[in-house]
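Sharing the feature lines straight out of TrEMBL:
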BINDING   99, 100, 101, 102, 103, 104, 105, 106  ATP binding site
COILED    456-494  coiled coil
COILED    634-675  coiled coil
DOMAIN    7-347  domain 'Kinesin motor'
């Protein structure tokens, strides 16, 4: 695509002085090589009486300078028309006005409200663009406009058609989105179609009505926000697949003056901070762009610079108008505006023709082209071709391939004619046959080897399992033997003490029938009993050996029983179990009593009901009797019911307390049991390790 490389064009416009304003000293010189020169003189007496070494003369170069008497149409023709022409040709364009509040930015961009001849750049550009579009019948054009206001770093859509806003906050909020290619998209900003100049001007009028104006002492109608009016144009030649899209930003920036001059409280100071901040970021971007070897440009710092990203150093033809107020009070602001403009003039932009292909039209064109080529081919070969080979053709090819492969003559060839479809089919068919024969050979080979592998694997696994089991049983036997030795030693010690204590006593004479094995130890009798218990408790043991992953082996269970007996926590478990037993029986007893109490209450209620029936019957047969007479028997029954209810309540509360206690005890028992199992597991695995070490 064609490209236009050029620096940002910078113009200056001097605002006419008011009646009571004193003019500063400046001169305009239409210099050589098409640039104009502006000189501003600052006499020393302006410097508030201090001794002042500041220079007196300041020189600035501009593309063109419009002095106080310049008319709106001249400004449009010089500044905006060339940019509008570029936009109509498919390039992006931007025109922005920069200067202090009251220096004529809005007048230049939008225009004055008094006279028709005061129209500014936006309405004149709209007029010019629609005029050109009507004259050009070679293309189909569509035009849209959008109007964005940025105020305190928030964006607002000024063309919201639903309502005219009374406050800025009522308007739809616009936010910035960035796509993966780092293109900026404005979310929630409406694009309104305008088919002619009148519709476009109506939209501009709606936007201007929605603009919020804040009062400052410098200018009763000064705008405290940035406004961007954008015209979007897309065009296409009939029948062409190429679409051109371009856009023109017309930007009215907020006042560039410093905060001190805005002498209002609270609200406006916040604004001034933000406004100056976003202009400060604009300045940073411009400084960064003017530096030769700068890779990072801080566009993202503010909404304003994000929106104008392409306009500054990007794909855009950009023009700036510096608006100057040259009365004595504002001379310093004018100098700073000119300095800013000189920096902007250093920025180089590369505008590219924005063309894209319409995919739908492209598809239609390609289909047409394919058909033409098919017709041409049919002419040359003398036969009409479809894109697919027919079933008969495929069968014929299969037969030819078969004959070719079976023929042993090395010079034989496969002739299918000059048809790429047939040639391709033959190749793919041969490839399939080759792969098929390879696969079947491999399958036979792999079947034999895998069968052998499987049998070997099974035998090996079985052997490994048996070895592991044997090792485990060995360990268990060794641990049990060690335990047995300890038990035996305990028994012998006890026997020794017993013999020492009862030496010469007549204990044995009294029971001669007891044989020696039975009296070997006082604990042997209890050991026998425990062994019996052990057999019963084995099947109830919840503990599973983690190594085997199945039920505990018998050896392991026996060891666990002995371990349990010597474990300190077994006493705790026993105590808690006893307590649980008591609490259970207490609860059972209470339950029975509660039932009794409930039955008694129901019985008493029944008696009262019967009494009432009797009285009602009596009243019917003997009407003179008073129905509501006091009955002492009934009163006595009621008292009993109340008493019984109190008793019932007391017992019920006690049962509730018991239930909580029982649950708590059960938890405790379970906890201790788990701990004991854990300890046993640790001990058991340690014993097994010790054995292996030995």
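Glycine is no exception: its Cβ is also placed from the backbone N, Cα and C atoms.
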Between 101, 103, which of the binding-site residues has its C-beta surrounded by the fewest other C-beta atoms within 10 Å?
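Comparing Cβ neighbours within 10 Å for the binding-site residues 101, 103, 101 has the fewest.
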For each of 99, 102, count the other CB atoms within 10 A of its CB; which of these binding-site residues has the top count?
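Ranked by Cβ atoms within 10 Å, first place goes to 99.
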Counting only residues 6+ apart in the same chain, whose Cβ is under 8 Å from the Cβ of residue 105 (ATP binding site)?
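The list for residue 105 (ATP binding site) reads 97, 98, 99, 252, 253, 255, 321, 323, given in order along the sequence.
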Within the chain of residue 104 (ATP binding site), which residues six or more apart in sequence place their C-beta under 8 angstroms from its C-beta?
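Correct list: 13, 15, 323, 325.
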Select the most exposed residue of 100, 106, where exposure means the fewest other Cβ atoms within 10 Å, treating these as the binding-site residues.
106
